[in-house]
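K.L.:
This is the structure I want to talk about, given as structure tokens.
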Number of protein chains: 2
Amino acid sequence: MTLIVAIDRSNTTDGRDVIEVLEKICNMVAGVKLGMPLLLKHDLNLLLNIRKICNNNIILDLKLADIGDIMVETAELFKNYADSIIAHSFIGKKDGIDKLKNFLDKNNMKLILVGSMSHMGSEEIYDKEINNIINIIKDVNPWGVVLPATRPEIIRTFRSKIGNEIKILSPGIGYQGAKPGTALCYGADYEIVGRSIMNAPDPKEATKVIIYEQKRGMYECKR
Amino acid sequence: MTLIVAIDRSNTTDGRDVIEVLEKICNMVAGVKLGMPLLLKHDLNLLLNIRKICNNNIILDLKLADIGDIMVETAELFKNYADSIIAHSFIGKKDGIDKLKNFLDKNNMKLILVGSMSHMGSEEIYDKEINNIINIIKDVNPWGVVLPATRPEIIRTFRSKIGNEIKILSPGIGYQGAKPGTALCYGADYEIVGRSIMNAPDPKEATKVIIYEQKRGMYECKR
């Protein structure tokens, strides 16, 4: 499976709408990425309920970018409720990512580092440090890296330098403009799709269509 | 007043300990900075209760670092509950910080941007982009900037380039190694102190001592 669904918010206070969508599509996706607005608005019961119906890779997209101690305190809250946590590579390793990585390793959780972002602003500073960021990622050796489908050449660059062990997860498909299959074609392992599924009148049908489009994109892909 | 208290977590489920400390020190501080672990663990009632006893600048230290749409969705949750939100300058302006700034302006909230961080890892990537970051900060014109007391020469650099209108808030005092008064001496408007107050046997007394030390530091300061 090459699709991860992103859920950034809920329209109900108990998250029932999220659960209802996941019940329908869980068996078609490799993971569920939960955004900060959703996590701030709900308590841990939502995560428990998600786990009951979806025993996939539950990824907390907090985009942690604080000093190590604070990131560990945040991760501590979720240690029995999720599989993976996303943090930013740009904060650096020493007393930053290294502390988070140690904590996650001890608790059998996966670290996913942002390597570049899908919006235009990523080119202003983030992408200027691409070589330093690649070095930090190779040094920290996280489970995965987040790279944008909106600028897929970045995926190819990272893949050529970080090898094939580290997973590449790619957002920016759909509402943000990239076509399904694009990131896979450039070397990503997973494409992350949020609004095109969650805002669809029929999320299950939308998921099927995206998976079909991913396959077509891969078929057309000439690396 | 030149002291902002940082509260990153609560030891009680209802946040009673946080309220008890704030009741004692609220009138001595210019603001209250609330960390992500605290905000994730508690619902908005904690913020309502803090407001009741502490009508100061309530700063949400979420260190937002996502695409603009997601940061706006996060800020939306808090629009009637807090005064300021901290985000990272590193993510860039276009479709990032610009969207958050527009939203906060419309809702009479203050944007505070991280310009550099207090841990060692900040030197690995963040501080290499200091000139680009200063340009983005001048362009976005936030209410405040976060700069580390642990490397105070950065405060002087920013102050000389961003002028005197934008406030400088400086963490890293106490547990992280910098002495009270250091950041003020180098041009900060506020020093942020967390654990030295929150973990003290008598937080009120600890706050008084830090304010005294700030004054002494400023007195000894030769710019």
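Just so you know, glycine gets a Cβ as well, placed from its N, Cα and C.
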K.L.:
Among B:Lys33, B:Lys93, B:Lys94, B:Lys138, indicate the single residue that TrEMBL lists for the substrate site containing B:Asp8, B:Ser118, B:Gly194, B:Arg195.
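P.N.:
Looking at B:Lys33, B:Lys93, B:Lys94, B:Lys138, the one TrEMBL places in the substrate site next to B:Asp8, B:Ser118, B:Gly194, B:Arg195 is B:Lys33.
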K.L.:
If I take the alpha carbons of B:Ser118 (substrate binding site) and B:Lys63 (active site, for OMPdecase activity), what is the distance between them in whole Å?
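P.N.:
B:Ser118 (substrate binding site) to B:Lys63 (active site, for OMPdecase activity), Cα-Cα distance: 13 Å.
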K.L.:
Which of these active-site residues is closest to B:Lys33 (substrate binding site) if you go by CA atoms: B:Asp61, B:Lys63, B:Asp66?
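P.N.:
Checked the active-site residues B:Asp61, B:Lys63, B:Asp66; minimum Cα distance to B:Lys33 (substrate binding site) goes to B:Asp61.
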K.L.:
Under 8 Å, Cβ to Cβ, against chain A: pull out the ones among the binding-site residues B:Lys33, B:Gly194, B:Arg195 that qualify, in sequence order.
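P.N.:
Of B:Lys33, B:Gly194, B:Arg195, none lie near chain A.
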K.L.:
Reduced to three states, what secondary structure does DSSP give B:Arg195 (substrate binding site)?
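P.N.:
It is helical.
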K.L.:
Considering only the active-site residues B:Asp61, B:Lys63, B:Asp66, which residue has the minimal Cα-Cα separation from B:Arg195 (substrate binding site)?
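P.N.:
In terms of Cα distance, B:Arg195 (substrate binding site) lies closest to B:Asp61.
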